[in-house]
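This report refers to the structure that appears directly beneath it.
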Amino acid sequence: MATVTFDQATRIYPGGDRPAVDKLNIDIADGEFLVLVGPSGCGKSTSLRMLAGLEDVNDGAIRIGDRDVTHLPPKDRDIAMVFQNYALYPHMTVADNMGFALKIAGVNKAEIRQRVEEAAKILDLTEYLSRKPKALSGGQRQRVAMGRAIVREPQVFLMDEPLSNLDAKLRVQTRTQIASLQRRLGTTTVYVTHDQVEAMTMGDRVAVLKDGLLQQVDSPRNMYDRPANLFVAGFIGSPAMNLVEVPITDGGVTFGNSVVPVNREALKAASDSGDKTVTVGVRPEHFEIADGEAKSVSKDAPAGVAVTVNVVEELGADGYVYGSAEVAGSQVDIVVRVGGRSVPLKGDVLHVVPRGGETHVFSTSTGERLSD
Amino acid sequence: MRHRRYPFIVGFLIVPVALYAVLVIWPYIQTFGYSLTDWSGESQTMHFIGLKNYTALLSDHVFLTALEHNGLLLVFLPVITILLALFFAFMLNVGGQGRTGGVQGVAGAAFYKVVFFFPQVLSVAILAVLFEAVYRSDAGGLLNGVLVKIGLENSQNPIEWLNDPGTVLWCLLAIMVWQGVGFYLVLFSAAMQSIPKEIFEAALLDGAGRAQTFFKVTMPLLWDSVQTAWVYLAIAAMDFFALVSTLTPGTAYGGGPDYHSEVLSTYLMRNFLYFGKSGYACAMGVVILFLTLIVSVLALRATRRERIEF
């Protein structure tokens, strides 16, 4: 078991001038499940491969426990990796695939057999041990890849989008299995995914990257409650947070026909940097349908923002309304979650107000979070 | 509609099939026919002598020597060429490790790949001229010159590479290997590049060194290409006519000294054109045809494995 530390780790690909990973700083605790998430090309896989030793580190350092592994070859790092395409050896049986690393390490046959069988039992692979990978389904191959990592009992597991080749249902199932397996084994794990749902459900902590820069590292809860900037706010959560640019008024911001109260210091910070507007973020589930009791600015119109319904997605338990509204003189798209039993029709007009305390305020110019 | 397609297809096929039949199949049949006669090659008169040519072959010690030489080449040419080509292909594509930075070839791999391919573009005639200079039996030859310079050899008594019964066949083998490695290197390189890179990375993470990766991962995954290469090289080993006839001593098509570099094809040609024993040579040709067929089938059979799928 070990901690993992990225210390100003930087990767610049030959011929490129912009770093693929730019001064990455993350401390991963012993036994922690850290998920690296971000859009394609954000440097998450590169970071993982740097930790694996499959990619050079141009600057900074990477440590596993107290060992500086920055320039160690992969085999000396005591890590195991699960690849997106599983990278099973096609000419070996499942048992040989799982025992290959041990065989290379010179472990005796009886022990290899025993450890492979143990891992196979955990992963429900016992009856497939003598098969070749081509005779397995996608889910089984994925489990063999996991098994190959488990058998080695490494200090750190690295997983590079291990679920993206599975179908949607299996992915949800396997997601839970991997997370619970990791909790049981207690092995430090770094997991790369582009799927923010995977990131939120599996990780102890989530690190969001964009363009090689670390945006935020936090627990899924905090990531959801307090996104550090506009990018994280828009990336985490599904459907994405509504981000609307609104003018600053006294004591808050005008949001349609309501005033949303905003922390005074936040507003001061925004106006000090010369902004006339701030960007307010409200998650679809934090809109309330105004029923006339809410306080409105002008008495003759209902409170909140009038949203014209364009599309309704019914998911059974609830529904998502995709609509458009006019806020501060421009058309914006707004997504609102509504109860599954009270879904509006296309063309209806809803008046929505953000629920108190569930708004996020970001600086329009820098994208940084202003409210706390 | 269906029956209309056949004239169309036949229209395309008739010319090539006719050419093939006239220029390939018919000569084979003719050869078999001549092999049952005492045809001398020049005259049109000949007598049917049954299988006498074939029985004579069995007690012809030159023929048996040539057969033995082809047998040796059949073992050593594929083995040496394939192993060298595999080794170089491995080094050029995944062998450059030991540092971080993942799976890559040794430094300058792209350059080497081109250089290794050069010998393949030389024709056999040029090879012969080139290696005549390499193997010259005085200090003016490349090999002897170097050996004399570094003091391993007395310039008064150099090794006569192509005139020495003990070295001549191996010298020829070396030329074929030198020429062939580049081609099979490119063949194996291409096959290696179709293997997902992650498999080599997984091996790297599993702690496999160069040798282990080569024998336990690369070789098994390249087996299909190795098999193909083996068949090509086996066929090449059954030939060797051009090199023997141009480089080795001996009247009419070389094979010397004293039949020590004789191969089936040179002995065949000598019988056919020089000794005027054309019927006998045809019998030899038929034997070579069947031997080559058997060798190809055996090579394919012996190396057959389960197909690899990625």
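The first residue you see is number 1, and the count goes up from there.
Placed from the backbone N, Cα and C atoms, the Cβ positions cover glycine too.
Where the annotation comes from TrEMBL, it is an automatic prediction and has not been curated.
Per TrEMBL, these features apply:
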TRANSMEM  B:7-29  transmembrane segment
DOMAIN    B:67-299  domain 'ABC transmembrane type-1'
TRANSMEM  B:72-94  transmembrane segment
TRANSMEM  B:114-135  transmembrane segment
TRANSMEM  B:167-187  transmembrane segment
TRANSMEM  B:229-248  transmembrane segment
TRANSMEM  B:278-300  transmembrane segment
Worksheet item: Do at least three CB pairs under 8 A connect the transmembrane segment (B:278-300) and the transmembrane segment (B:167-187), leaving out pairs fewer than 6 apart in sequence?
Response: no
Discussion item. Please report, as numbers and ranges, the same-chain residues at least 6 past the borders of the transmembrane segment (B:72-94) whose CB is under 8 Å from any CB of it.
Written reply: 103-106, 109, 112-113, 116, 169, 173, 176-177, 180-181, 183-185, 187-189, 192-193, 200, 210, 213-214, 218-219, 222, 226, 229-230, 233-234, 236-238, 240, 263, 295, 299
Worksheet, complete the sentence: Other same-chain positions with a Cβ less than 8 Å from the transmembrane segment (B:114-135) and lying at least 6 residues past its termini are 88, 141-143, 161-162, 171, 175, 178-183, 185-186, 242-243, 246-247
